[in-house]
Every structure is written in C-alpha cells, then in structure tokens.
C-alpha cells in the first residue's frame with residue numbers, strides 16, 4: 001500500500017480539455033465493436049432468440065440504457081478518471097471503491113481478450129490455411145495489443161481521433177449495408193422478428209437471447225474514464241454516453257434485422273450454427289465488395305476496441321494509483337503526451353502474459369471465450385456496486401430523486417443479478433465451467449480485499465475518488 005500521489009505534482013496531471021464531445025462518444029462506442037457483432041458475434045444471441053434476434057437485441061439495448069443512468073448521473077457531480085471505482089469510493093467510502101476496483105480489474109485483466117485473441121479467431125475463420133499453422137495467432141495478438149497501446153500512449157486526442165473517424169465510417173457502412181439488404185429482400189420483409197412469432201410465443205429463448213446480447217453493449221459508460229481530459233466534462237460526458245448508446249442501437253438493431261430477414265426468419269437455427277453468417281449474408285446481397293468491406297471494418301472494430309480499452313484501463317489504474325490503492329509509482333503522466341504511460345506499459349505486459357498463456361493452453365478462440373466469461377461476470381458486478389453507490393451518494397449530498405437515483409439503479413441491479421445468474425448457472429462443463437468458478441471466486445475474494453484495505457488504510461483513502469476537474 002502506497003501513499004497517495006501529490007495532486008499538485010505535474011507528473012500526475014493529465015491534459016485538461018484535450019478532447020471534446022465526439023472523442024468522448026467514440027471512447028464509449030468503440031467498446032461495442034458493432035462490425036464484429038454483425039460479422040460473427042450475433043450468433044450467440046441467435047442461438048437462443050432465432051428469428052426474434054432483432055427483438056432480443058432491441059430489448060438488451062434498452063435495458064443497457066438503464067445501466068447508463070448511473071455513470072450519466074455521477075458524471076454531473078464527479079470528474080475522475082477512475083470512473084466507477086471513483087464513484088463507488090465517493091458513494092460507499094473506501095471499501096466500496098476498492099470492491100468496485102477489484103471487480104473491474106477482473107474485467108480489465110480478461111476483457112482485452114476480445115481484441116487480442118478475438119481478431120486472431122476472426123482471421124482464422126477467413127483462412128483455414130492460417131488456422132492450421134498453430135502459431136500465426138501469436139503475432140496477430142501482439143500486433144493488436146501493440147496497436148492499442150501505441151495509439152493510447154501517444155495521446156488521448158490522436159487515439160480518439162482515429163476511433164472517431166473510422167467509427168463514423170463503420171456505422172455508415174453497417175447502416176447503408178443493412179438498408180441495401182432490406183431493399184433486396186423485398187416482399188420477405190416482415191415485423192415478425194420484433195415479435196415472439198418466430199419462437200411460437202415462447203418467452204424463455206427470447207429472455208436467454210437478451211441475457212447474451214446485453215454483454216454486446218458493455219463499455220458504453222467508459223467516456224467517464226477520460227472525464228478529466230474532456231472539455232466542460234460535467235456537461236459533455238453524460239451527453240457523450242447518451243449519443244454513444246443511441247449510435248450503438250443504430251449500428252446493431254437495424255443490421256440484426258437485415259441479417260435475420262436476409263438469412264430467412266424461419267431458417268435462423270442454421271444461422272446460429274454457422275461460423276460467419278454475417279459475412280455470408282453481406283456477400284450474398286452486397287457482393288464481394290460488401291464482403292471485403294465488412295471484413296475490413298470488422299478488423300478495424302477490434303482495433304478500435306483495443307484503443308478504447310487501453311485508454312480506459314490505463315486511466316482507471318492511474319486513478320487508483322494516484323489515490324494510493326495501487327502502487328503510486330504507476331501514477332505518472334508522460335511529460336510530452338500527457339498520458340498515464342506507466343499504467344499503459346504495465347497493461348501491455350500483463351495482458352500479453354495472460355493472453356499468451358491462455359492462448360497457448362487452450363488455443364486463441366477457446367482462450368478468448370474462457371477469459372471473456374470471467375470478464376462478463378466481473379463487469380456486471382462493477383455496475384451493481386456503482387448502482388448502490390449512486391443511491392447512497394445522491395441521498396448524502398441531498399440531491400436524491402426517487403426515480404432516477406432509486407428506482408432505476410435498483411432495477412439495473414436486479415437485471416444485473418439475473419444476467420450473472422444465467423451466465424453462471426448451471427455451471428458449464430469443460431474449460432468454460434472452470435472460468436465460471438474463477439469468476440465467482442474473484443467476486444467473493446473481492447469482499448475480503450475491500451474489507452482489509454478499508455480497515456487498514458481507511459483514513460489515507462478518505463479522499464479516494466474525489467472530483468479532479470480543477
């Protein structure tokens with residue numbers, strides 16, 4: 001345990017006002033990686049929801065909007081790169097902050113596999129020759145992680161300028177592509193995918209599809225991690241989250257409908273068993289050009305995710321180091337680029353080690369699933385802690401609104417608990433089952449860690465997570 005860093009030390013100060021609204025929007029939006037979802041990842045939702053996949057995506061998007069109320073409300077009061085860690089520390093004191101940080105580190109250490117190992121798995125789908133080599137995934141993984149680290153290291157503005165403009169192009173392509181597919185489908189267009197009709201009225205498969213699809217939207221609140229660098233942060237960060245949420249809906253709901261009617265509403269059971277159904281649909285209706293563009297945007301989707309991921313995690317860890325929760329020697333800012341370069345490099349090393357070991361043992365695709373299982377459970381737990389923190393915090397500062405700060409966070413917590421339950425029970429067989437057990441153990445250990453640190457260092461952490469806009 002280290003003493004908190006001196007807040008007046010220029011080596012711990014990021015650049016104020018370095019970015020504006022749209023950079024913040026794409027810090028959040030890039031976590032969704034919509035082209036990757038369209039190309040291959042919606043099969044998870046389709047496996048349950050079948051022809052009602054668009055309805056499942058729509059409901060999941062709406063439910064995730066409830067979770068975004070918490071960061072939006074906190075962002076009006078607290079400007080801190082620690083985001084949910086800082087909010088929980090301010091709402092639930094040091095113990096709550098440490099608990100949120102521990103849970104978020106569970107995701108921080110495993111979630112990057114989406115980009116690091118996910119892109120390798122995608123490229124393997126495209127080339128059986130490469131997939132048979134057994135080693136090509138390693139340089140792909142290193143390059144993917146390195147891309148995000150280099151852009152993030154060299155500055156928040158250039159890194160997010162890249163994600164902003166390529167993200168705009170990605171959205172435009174997905175929307176235009178979906179519209180073309182819908183037009184070409186013609187008379188086969190129907191509102192059935194937005195009803196229980198394809199499921200013969202059964203609610204349970206729709207519910208399971210929603211549970212799976214909710215995780216497609218995780219990360220939409222991470223504009224809060226760059227709040228100390230956003231101009232007029234208290235006003236713009238919340239607005240950025242709302243815009244990112246809207247854009248994510250546009251980029252996923254319409255394409256999910258196009259894929260469903262393009263494949264065939266009643267043929268969706270075969271969609272769920274195809275390794276790359278999105279690519280097949282785009283090639284069928286948009287030709288080789290549409291197929292190639294979807295591949296390119298999917299690759300870029302993974303890269304954008306990696307940039308946003310490094311931006312977010314390096315700042316969360318930096319904030320915790322500045323408060324003395326982590327080693328405060330990590331809480332240093334680059335004198336030229338004004339980025340938390342030490343946490344960035346530490347992130348690079350530790351993620352490289354974790355993903356390489358997992359990939360060598362399980363293979364890149366299976367390792368990615370294994371790590372993301374832990375990540376999904378961990379990030380939902382972070383939201384649950386922050387939901388509680390908002391209610392307590394707003395009540396304490398006499399700004400409590402019963403619906404916004406009471407009903408919505410409580411509903412979001414209930415939804416989160418349901419998602420966790422169906423994510424871990426029944427415990428699957430094989431490696432994924434082990435991942436579930438690891439995730440549960442991580443959550444339980446978090447209580448012990450939070451109790452120990454808050455009891456031992458509570459006084460020194462009294463100001464943890466405080467607002468840093470000045």
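Each residue, glycine too, has its Cβ placed from N, Cα and C.
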Range annotated as transmembrane segment - as stated in TrEMBL, picked from 206-224, 320-338: 206-224
The transmembrane segment (430-453) versus listed stretches 84-104, 168-186, 206-224, 369-390: most Cβ pairs under 8 Å: 369-390
Distal contacts, the transmembrane segment (236-265) - CB-CB under 8 A, six or more residues away: 20-22, 24-29, 32, 34, 37-38, 42, 45-46, 51, 53-54, 57-58, 61, 64-65, 68, 71-73, 75-76, 79, 170-171, 174-175, 177-179, 181-182, 184-185, 188-190, 192-194, 198, 216-217, 220-221, 223-224, 227, 230, 271, 277-278, 280-281, 284-285
Segment-segment contact (the transmembrane segment (402-424); the transmembrane segment (206-224)) at 3 or more Cβ pairs under 8 Å: yes
Stretch-level contact, the transmembrane segment (38-64) and the transmembrane segment (136-156), CB cutoff 8 A, at least 3 pairs: no
Residues of the parent chain within Cβ reach of the transmembrane segment (84-104), under 8 Å, 6 or more residues beyond its termini: 70-71, 74, 78, 221, 224, 316, 319-320, 323, 325, 378-379, 381-383, 385-386, 388-393, 396, 442-443, 445-447, 449-451, 453-454, 457-458, 461-462, 464-466
Per-region confidence, the domain 'Amino acid permease/ SLC12A' (32-451) (mean pLDDT, whole number): 93
